[in-house]
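For reference, the structure discussed in these notes is given below.
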Amino acid sequence: MSIEVTVEIPKGSRNKYEIDHETGKVYLDRYLFTPMAYPLDYGYIDHTLGEDGDPLDALVILPESVFPAVVVKSRIIGVFKMTDEAGGDDKLLSVLDDPRYDHIQDISDVSDFLKDEIEHFFVHYKDLEKGKHVDGSGWGDKAEAEKIHAEAIDRYKA
């Protein structure tokens with residue numbers, strides 16, 4: 001399933017950017033309190049609504065980071081399931097929709113190291129921020145991720 005991810009934060013950044021959905025302006029929300037950087041390009045999927053009331057979050061595996069506000073066509077391959085102080089905050093994992101990535105079709109095709117890196121980042125990136133917390137509950141496969149995506153589309157339309 002092909003999706004479009006609007007990247008807010010490039011891989012390797014400690015800047016937490018947010019795009020204003022009404023104006024399209026990119027704002028610096030904060031500089032991460034922890035000495036950690038985003039493990040992959042990170043953004044959201046338009047016309048979806050996650051359990052936290054924001055568009056569904058997504059990470060993209062690609063060979064080179066892009067700039068904030070760039071839209072990347074990618075394929076859903078899995079989901080990191082988590083909650084934070086605002087409730088459910090799942091992160092879809094996707095891969096660049098490019099034939100050079102045809103060998104990655106499901107979460108089982110992603111290295112354990114990369115999954116561990118992503119999980120560690122999201123479980124700990126808010127550790128030094130008062131009143132914030134994250135609980136990770138593991139990985140889901142492509143089918144589960146696509147179901148979460150479909151539910152987020154329905155939630156947006158409701």
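The backbone N, Cα and C atoms fix where each Cβ goes, glycine too.
Summarising the annotation, Swiss-Prot assigns Mg(2+) 2 binding site to E8, D57 and lists sequence analysis as the type of evidence. In the three-state DSSP classification, D57 (Mg(2+) 2 binding site) falls within a strand.
According to Swiss-Prot, the feature substrate binding site maps to K16, R30, Y42, Y125, an assignment based on sequence analysis. Counting every protein chain shown, the Cβ of R30 (substrate binding site) has 12 other Cβ atoms within 10 Å.
What Swiss-Prot lists as Mg(2+) 1 binding site is D52, D57, D89.
D84 (Mg(2+) 3 binding site) falls within a strand when secondary structure is assigned with DSSP. Residues or ranges marked as Mg(2+) 3 binding site in Swiss-Prot: D84, D89.
Listed in sequence order, G50, E51, D52, D57, M82, T83, V134 are the same-chain residues six or more apart from D89 (Mg(2+) 1 binding site) with CB atoms under 8 A from its CB. Per Swiss-Prot, the feature active site, proton acceptor maps to D89; the stated evidence is sequence analysis.
Note on proximity: of the binding-site residues E8, R30, Y42, Y125, the one nearest D84 (Mg(2+) 3 binding site) is Y125, by Cα distance. With a cut-off of 8 Å between CB atoms and residues at least 6 apart in sequence, the same chain places V7, E8, I9, K11, D57, A58, L59, V60, K91 near Y42 (substrate binding site), listed in sequence order.
In this entry, substrate is bound by K16, R30, Y42, Y125, whose most widely separated C-alpha atoms sit 15 angstrom apart. Take the CB of D84 (Mg(2+) 3 binding site) and look out to 10 A: across all protein chains shown you find 14 other CB atoms.
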